[in-house]
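Below: the structure, in structure tokens.
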């Protein structure tokens with residue numbers, strides 16, 4: 001094995017010589033992870049050769065970055081830091097939430113005690129009484145910051161999608177106008193407009209469907225140095241009976257700074273809501289749908305990548321001085337010097353996907369994780385909308401890990417019971433699910449790849465992400481949590497962000513395991529009989545239309 005390992009070692013050593021070239025370093029890191037794969041491994045990516053795993057009993061050779069290639073030997077996923085900043089934290093600062101009500105109450109509580117910043121990125125803000133409670137909390141905190149004996153400099157920044165946030169007479173914009181009008185120097189509302197919705201298309205496509213072209217889909221809720229990453233939007237159902245996932249990162253200043261800068265960057269290339277309900281472009285910025293598309297996308301790419309590169313450089317410098325230095329002080333010496341920060345046992349990696357701006361970090365990392373999942377590993381993958389990209393489907397079908405995929409039953413799909421064409425969307429998902437299940441069966445992989453449908457009376461399902469259990473382990477060491485759904489839209493159309501959490505902490509692993517179990521306990525295994533149930537018969541027109549529209553949802 002020494003010879004095959006020589007290539008990856010060589011490339012990895014080159015990374016240390018490229019501190020000022022993160023893009024090239026990331027590319028070399030990617031290459032090093034790919035070197036040494038067998039010919040069979042490379043061929044398996046082809047959809048024509050999905051039978052290869054069935055024809056050969058040998059285990060494909062995988063070159064996951066082993067601990068011996070990482071000087072500090074922390075974990076096998078350190079290759080991700082070749083692409084994005086790595087944040088080392090104590091697991092005691094990470095809390096997994098379980099319910100919409102817990103998510104809602106935590107947000108309100110955090111807004112009330114925020115002193116410096118509140119940053120919220122979401123698809124939209126709803127217009128009901130619960131959403132009004134959030135707005136009232138923001139108003140109260142801003143008011144207190146002005147009237148306090150020692151006034152604070154509290155600033156509020158909100159990033160939403162333009163099309164979704166402008167729909168209807170009463171909408172996200174009208175909900176936030178009072179804040180803008182009362183605190184114009186302290187409140188910023190940015191509305192992202194995809195550069196792909198422009199010209200004649202923008203004029204002709206109906207309001208209800210214009211969001212299919214592309215969206216701001218990032219869900220980050222940040223209060224001073226505390227951050228909630230989720231897939232949940234700011235709407236009443238997400239506070240009551242729409243199941244999602246949520247993780248709370250407490251007292252994580254570097255992570256909070258990163259996501260503040262990311263939201264600021266996207267905000268700078270978005271339209272700015274004014275107190276009279278008009279919108280304006282930031283001075284010097286190309287207009288997203290009136291200006292030159294290529295120039296706008298280049299500017300947006302630079303703005304976002306500057307955030308990623310600068311944060312990555314900061315973290316590399318911090319790690320060189322602390323966790324990753326050969327001259328690292330002992331814990332006793334550090335405590336004596338006044339540094340009481342606990343040693344990290346958990347690592348956070350922000351994964352950004354903005355294909356319109358040619359940023360595809362999340363896609364690269366997700367594909368690599370699926371590719372490197374070895375025989376004996378278990379991957380629990382969940383999505384509220386089962387519409388995997390072809391690349392993800394090929395990897396699920398072509399690798400050796402066990403997969404349990406959790407998806408929404410038609411009754412808990414967010415479009416169930418909708419009026420008009422949208423009411424047929426659950427049936428389209430059933431059709432996609434059945435096609436995938438048929439492919440699993442045709443390859444004889446029912447024991448390795450299992451589909452499960454979530455069902456809960458009176459609830460809908462919106463959870464997404466994955467949990468990775470290494471071979472021989474009963475607890476997950478990695479999870480992905482955030483906004484991506486693993487579908488075409490998430491990869492190609494929308495702006496997405498999630499985090500990879502890698503942990504050696506048994507207590508945090510147990511939290512993640514319990515989260516996974518709670519979701520999967522409310523599911524049933526999909527079999528051929530599932531598609532014979534009443535209500536699962538898909539109309540012919542839906543079957544015919546689905547291939548044409550599946551890239552839009």
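Just so you know, the numbers here start at 1 and follow the chain as drawn.
Each Cβ is built from the backbone N, Cα and C atoms, and glycine gets one as well.
Annotated in Swiss-Prot:
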TRANSIT   1-25  transit peptide
MOD_RES   46  phosphoserine
BINDING   121, 122, 123, 124, 125, 126, 127, 128  ATP binding site
DOMAIN    212-238  domain 'PLD phosphodiesterase 1'
ACT_SITE  217  active site
ACT_SITE  219  active site
ACT_SITE  224  active site
DOMAIN    457-490  domain 'PLD phosphodiesterase 2'
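Positions of the features from Swiss-Prot, shown on the structure.
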| residue | record | CB count, 10 Å |
| --- | --- | --- |
| 121 | ATP binding site | 27 |
| 122 | ATP binding site | 26 |
| 123 | ATP binding site | 26 |
| 124 | ATP binding site | 25 |
| 125 | ATP binding site | 24 |
| 126 | ATP binding site | 21 |
| 127 | ATP binding site | 16 |
| 217 | active site | 27 |
| 219 | active site | 24 |
| 224 | active site | 17 |
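Counting residues per DSSP class in helix, strand and coil order gives 5 helix, 11 strand, 11 coil for the domain 'PLD phosphodiesterase 1' (212-238). Remote same-chain residues near the domain 'PLD phosphodiesterase 1' (212-238) are listed as 97, 100, 103-104, 106-107, 110-111, 113-126, 128-131, 134, 159-164, 192, 194-197, 201, 205, 244-253, 255-256, 259-260, 262-263, 266, 270, 356, 384, 460, 462-465, 481-485, 489-490, 493-499, 552-553 (criterion: CB distance under 8 Å, separation of at least six residues from the stretch ends). The number of other CB atoms found within 10 A of the CB of residue 128 (ATP binding site), across every protein chain shown, is 12.
Comparing CA positions across the binding-site residues 122, 123, 125, 128, the one lying closest to residue 224 (active site) turns out to be 122.
Geometry remark: residue 121 (ATP binding site) versus residue 217 (active site), CA distance 8 Å.
For residue 217 (active site) paired with residue 127 (ATP binding site), the C-alpha to C-alpha distance reads 18 Å. Across the domain 'PLD phosphodiesterase 1' (212-238), mean pLDDT in this model comes to 98.
Residues of the domain 'PLD phosphodiesterase 2' (457-490) grouped by DSSP class, helix first, strand second and coil last, total 3 helix, 13 strand, 18 coil. Distance noted between the C-alpha atoms of residue 126 (ATP binding site) and residue 219 (active site) is 14 Å.
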